[in-house]
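A.B. asks: One structure coming up, written as structure tokens, with questions to follow.
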Amino acid sequence: MGNWVVNHWFSVLFLATWLGLNVFLFVHAFLSYEKADKYYYTREILGFCRRTLRKQLDHNLTFHKLVAYMICLHTAIHIIAHLFNFEHYSRSRQATDGSLASILSTLSHQEKGEGSWLNPIQSPNMTVEYVTFTSIAGLTGVIITIALVLMVTSAMEFIRRSYFEVFWYTHHIFIIYFIGLGIHGTGGIVRGQTEESLNESHPHRCAESFKHWDDHDSHCKHPRFEGLPAESWKWILAPGVLYIFERILRFYRSQQKVVITKVVMHPSKVLELQMNKRGFSMEVGQYIFVNCPSISYLEWHPFTLTSAPEEDFFSIHIRAAGDWTENLIRAFERQQSQIPRIEVDGPFGTVSEDVFQYEVAVLVGAGIGVTPFASILKSIWYKFQRADHNLKTQTIYFYWICRETGAFAWFNDLLASLEREMEELGKVDFLNYRLFLTGWDSNIAGHAALNFDKATDILTGLKQKTSFGRPMWDNEFSTIANAHPRSVVGVFLCGPQTLAKSLSKRCHQYSSLDPRKVQFYFNKENF
């Protein structure tokens with residue numbers, strides 16, 4: 001087996017290093033997940049920094065997922081290392097060959113003083129399973145491993161989309177993970193030689209003469225060991241205090257009274273809520289967390305604000321996409337005299353806040369993903385109404401992709417108002433919008449073809465005609481690049497990941513190698 005002491009100390013250092021790294025990664029994952037206010041204010045602080053630096057904050061969820069994968073990898077390595085170490089422990093405790101390993105394994109607190117043992121397996125009949133489930137380190141290790149498995153598996157895309165409640169409640173097991181991680185190292189199962197014992201019996205001097213320990217003419221004594229001090233609480237303390245402070249702050253804000261001023265039921269089971277709240281202030285593209293205590297006291301769901309900062313209310317559009325949203329819509333549909341109580345926390349920042357920092361903006365919304373751009377388009381309408389000369393943006397390209405015609409009714413009035421406003425101000429080229437219908441049949445297409453010569457679109461009533469199918473992104477990007485050869489173009493998406501990959505690829509493809517010419521910057525909403 002070689003020098004057992006050296007092997008054991010190597011295992012101790014190996015396991016302690018991985019444990020520290022796991023804690024470090026977990027803390028960063030925690031901070032990236034519980035971002036809310038910190039994320040918004042950090043964006044504000046970095047407002048004067050380069051665009052590429054600010055954009056990194058918008059990948060916080062990607063960072064969170066990558067850290068989670070690394071935690072899983074290092075946890076697996078950590079567990080495997082422990083299994084190998086316990087195999088060494090078990091074989092050494094059962095050995096009767098008088099080797100160094102067997103002698104060190106017989107050290108126990110009954111023989112050499114409290115805490116002087118090295119091998120946690122105290123007798124040949126003791127099993128690894130018994131030590132695992134009766135020691136602090138073993139039991140907490142099992143608990144936090146189970147907690148990690150539950151958090152990771154319930155966060156898969158399918159479960160998160162189809163069974164959000166399962167994801168939401170299971171992900172909060174991180175509290176148990178934190179507590180278990182804090183006390184995991186207090187059992188002292190990872191041990192090292194005491195400082196006094198090292199002075200008396202240093203392994204470099206005494207390891208080879210272990211058979212003569214305690215002889216009268218020997219300078220080496222039986223070594224004494226102690227549990228290494230727990231370190232994980234040092235990593236947990238600061239983010240734990242920060243988390244508690246933030247939860248108290250968010251609880252206080254969520255308890256402020258919210259007044260629902262208007263309820264509108266749109267086609268395709270979309271509910272619009274217009275609300276007021278004392279001291280509420282927002283920017284374009286931001287979102288809020290919404291809770292309805294009559295449905296669930298614990299569930300908070302994010303919704304993008306569809307109102308403009310210039311309006312005297314804030315609004316959200318809620319599409320039926322799960323049990324919670326369906327129950328909320330049903331509650332407002334069957335309201336008699338009392339409107340369900342709503343609690344609001346926020347607003348919080350997103351990438352869409354930066355839309356007015358670009359000379360040219362390309363907005364792409366898929367279905368209900370149009371909501372952040374509704375806020376932007378409303379704000380533009382108000383800026384033109386008030387003759388805002390500080391508006392940096394010169395041109396906006398807006399693409400709205402929907403599966404059904406009823407969805408276009410959500411913001412028809414807004415688009416019609418913008419059409420009239422741009423014509424009256426002589427800025428028809430400022431807003432270029434395209435509507436795409438992906439779910440259609442031959443009857444709809446035939447009806448649209450027969451009425452194509454009319455001044456307004458037969459489906460939406462707007463001057464811009466609805467296109468059938470999906471955008472030809474190569475043609476769209478090529479047209480924009482040719483129209484703005486020396487502009488910085490911000491591309492903003494609120495939609496599925498497949499569309500995000502396609503747009504991100506086009507942004508790289510159509511950006512000029514010359515930094516003085518057209519550059520496309522891709523931005524995606526993440527919740």
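Heads up, the Cβ atoms here are built off N, Cα and C, so glycines get one too.
Okay, so TrEMBL annotates it like this:
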- 247-354: domain 'FAD-binding FR-type' (DOMAIN)
- 12-33: transmembrane segment (TRANSMEM)
- 66-84: transmembrane segment (TRANSMEM)
- 130-154: transmembrane segment (TRANSMEM)
- 166-190: transmembrane segment (TRANSMEM)
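Help me picture where these features are in the structure shown.
C.D. replies: Along the domain 'FAD-binding FR-type' (247-354), the predicted structure has mean pLDDT 84.
Under 8 Å from some Cβ of the transmembrane segment (130-154) lie the Cβ atoms of residues 68, 71-72, 75, 79, 82, 86, 120-121, 160, 166-167, 170-171, 173-174, 176-177, 180-181, 183-190, all in the same chain and six or more residues away from its ends.
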A.B. asks: Count the residues of the domain 'FAD-binding FR-type' (247-354) that DSSP assigns to helix (H, G, I), to strand (E, B) and to coil, and report the three numbers in that order.
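C.D. replies: In the domain 'FAD-binding FR-type' (247-354), the DSSP-based counts are 23 helix, 39 strand, 46 coil.
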